Amino acid sequence: MKFAVTSKGDAKSNSLMHKIKSYLLDFHLTYDDNEPDIVISVGGDGTLLYAFHRYTSRLDKTAFVGVHTGHLGFYADWVPEEIEKLVIAIAQTPYQVIEYPLLEAIVRYQHGGKETRYLALNESTVKSVEGSLVMDVDIRGQHFERFRGDGLCVSTPSGSTAYNKALGGAIIHPSIAAIQMAEMASINNRVFRTVGSPLILPAHHTCMLKPVNEPDFLITIDHLTLLHKDVKSIQYRVADEKIRFARFRPFPFWKRVHDSFISN
Ligand code: NAP
């Protein structure tokens, strides 16, 4: 089996990365940075986001596992003290794989430029470069509302505990194939009106954002922020692809929610 190890880059994560690599080589696994069957991410949830984007072209062939060197994470749920146990479990394949839904974002441009497609593990947000964001929101091909405010956030179920949660969105169990759109400070008065509640869309529904005036936007895909000019539309839906996690022991999602946000 081929493996790769990624690190957050701090001294603790780097040292753990080298340890894991050397243990797995001792078990006669092959180190392959380009085509790994399993990727061990050492750091935090942010580190796993980077690892995910490094290997998006081979999601069907790669499984991820996260070790945290800081606080308990949603994607990084192994602690440094457990790495011997983890390494033995990895070496004794086959392991169980569980899949989580991803978000697909397609940005189309005015004047017929080539569209760009992204996959997000947590979320995509849209903000204007200057002033309020003004966007028409279509759901399933029907006009739903004209949004005015700071921005919009469209998240995956596993990303629902990240930015989405800070916006008052619901926490969604990752076994549900859905996306959630949450508002960032919408302007609501007698003239401007939005629904004001986060919306949860099933896998067969598409959400399309269309600029009203200004066509330039700051669009984030997880930790990446990109300036897109002359945008015609941004289309969101549940992606066909999924992220695969290698599971070696049960760690129920609601327990992770409890341990992260209530008490540990
Ligand atoms: P960062 O600003 O350095 O860290 C964002 C924080 O979010 C970190 O504590 C990270 O955990 C945590 N996190 C990431 N994914 C999570 C998840 N699925 N559930 C719960 N917590 C999660 O940024 P970054 O490390 O590059 O990560 C980018 C992410 O930051 C974005 O995808 C977005 O979700 C989040 N973000 C949140 C807010 C907000 O809450 N107001 C604002 C902007 C962006 P670790 O410490 O374990 O890495």
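Heads up, residue numbers simply count up from 1 along the chain you see.
Each residue, glycine too, has its Cβ placed from N, Cα and C.
Summary of the site annotation: TrEMBL records NAD(+) binding at D45, G46, N122, E123, R148, D150. Screening the candidates A11, A89, A182, A185 against this entry identifies A185 as the one listed for that site.
Across D45, G46, N122, E123, R148, D150, A185, which the record gives as binding NAD(+), the greatest C-alpha separation is 31 Å. Closeness to ligand 1 is met by G46, these being the binding-site residues among G46, R148, D150, A185 whose Cβ falls under 6 Å from the molecule. In this structure, the CA atom of D150 (NAD(+) binding site) is 26 Å away from the CA atom of D45 (active site, proton acceptor).
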